[in-house]
Amino acid sequence: MGSRSKFEDMSRNVKKMMSFTFIKGLFLNPAKLSITAFIILIAELILNILIVERVPYTEIDWKAYMQECEGFLNGTLDYSQLRGDTGPLVYPAGFVYIYSMFYFLTNQGQNIKLAQYIFIGIYLLQLHFVFKIYKKTRKVPPYVLLITILTSYRIHSIHVLRLFNDPIAVLFLYIALNYFLESKWHLGSIFYSLGVSIKMNIILYAPALFFFYLVNLGLKDTIKQIFLCGLIQLVLGLPFLIVAPISYLRGSFDLGRVFNHTWTVNYRFLDVKVFENTYFHLTLLAIHILLLVIFLPMFVQYFKSYCRLRYVQKQVQPQIDAKNVENKRKAKMMKDKLKVQEVNEEKLTKDQEEFLNSFESMLQKTSNTNVKKKKVVDENEKLHYSINFEIISQLFILPMFLTNFIGVVCARSLHYQFYSWYFHSLPYLLWSTNLSVIVRFLILALIEFCWNTYPSTDATSAMLHVCHLIILYSIYKKTSAELSVASKVE
């Protein structure tokens, strides 16, 4: 009897999974992202292996990275003396340690194929943490991620054909965001600081993170988290700071660095003199600060709401769990009673069974007794209380993604590898607007086109700015309206 019941349950589950409603949910329902994410990861594994095996590797910075690390491994601790074919070392100490490890693993950087496979692993790991965020927020339909992730030529190129350090820094950032969502503050701060130690662009998240600390932890614990981030930078950079502190700080955290106009994606339409002009850089910095100030009230309001709802979760969740345990116990008792009844029924004589069957069929004509009995069991099984508290992650993720996006919008120059800074957040940002689905996909396609055009043109640079500004304005418009309504309700 038990084996037949299990077979029936299995058959029912298979039929459910093969139904049109279930399959449609895999593409349209953000709550079903777990299954779709697994499919995407498998597809990405296959796709990236095919890329590595069939598409020629392009040398840009890998050789220079290896030369810079070779100098360090040979004992040079003065940052001004660490150089490669593309110029001096301009990344913090975390970069040096990680790429020194790659130096040993890849036979002094000669085994490019192995390095590419390492980066496949890095990319899949990054996707895993990205999907964890999207699963918690339930903001974006799975089909959007399926389309955007699998079709991006530039992102695959950055990860497995160029071997830049940007994806590694971003990986640590996404790990940190996941820890923050789990309220594991110290681990979040550690991984955030490790991301900064690989490439300085992760600092773009700092303004929102600072207020997130402040609202959730208060001033005293905020100072502790900042101290922890700073301590990690100090420990990692200590060998270089002891020998030549000025060289290290200038080399790894050079805020005044002048970018090469040859590689710019976003300012091709500017004359080289204007592009390199200090006043132009200061103007962009002023715009960056102004945009952060404009969005600051929204950030603080979102963080306050996040903090309150997390407090509610802590109060309510234990009660929900206790109630579910009780319901589960009652359902088990009901099942046990029915099993006893079934055993007793099996012990009846043939004449008794025939009489009961005829009597049961007669009852079913006037009432649905047997069906009701089954419904009682089903209802006890399905009576499960739950509140999806994870969806409040939206109140943290949008400000974080938006702060980084503002930094990208106001960047003095965007090089092709910088696309990885914000690519995986673009669907989230666009689905945080009131734009139509067609317009959202159009913007995603145009942005991808701009990043795939090499060399960039005046038109693609201008188009990239237009797309960025549309996203920024659309988010501002929607969030302003929502906060206005919320203030009236309060």
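Backbone N, Cα and C define each Cβ position, glycine as well.
Listed features, source TrEMBL:
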type	residues	note
TRANSMEM	21-51	transmembrane segment
TRANSMEM	89-105	transmembrane segment
TRANSMEM	117-134	transmembrane segment
TRANSMEM	163-181	transmembrane segment
TRANSMEM	187-214	transmembrane segment
TRANSMEM	226-248	transmembrane segment
TRANSMEM	279-300	transmembrane segment
TRANSMEM	395-416	transmembrane segment
TRANSMEM	428-447	transmembrane segment
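Fewer than three CB pairs closer than 8 A are found between the transmembrane segment (21-51) and the transmembrane segment (279-300), and contact between the two stretches is not assigned (pairs 6 or more residues apart). Three or more CB pairs closer than 8 A are found between the transmembrane segment (226-248) and the transmembrane segment (187-214), so contact between the two stretches is assigned (pairs 6 or more residues apart).
Ranked by the number of CB pairs under 8 Å to the transmembrane segment (89-105), the listed stretches 163-181, 279-300, 395-416, 428-447 are led by 163-181.
Of the ranges 117-134, 187-214, 279-300, 395-416, 428-447, the one with the most Cβ pairs under 8 Å to the transmembrane segment (163-181) is 187-214. When each of the listed stretches 117-134, 279-300, 395-416 is scored by C-beta pairs under 8 angstroms to the transmembrane segment (187-214), 395-416 comes out highest.
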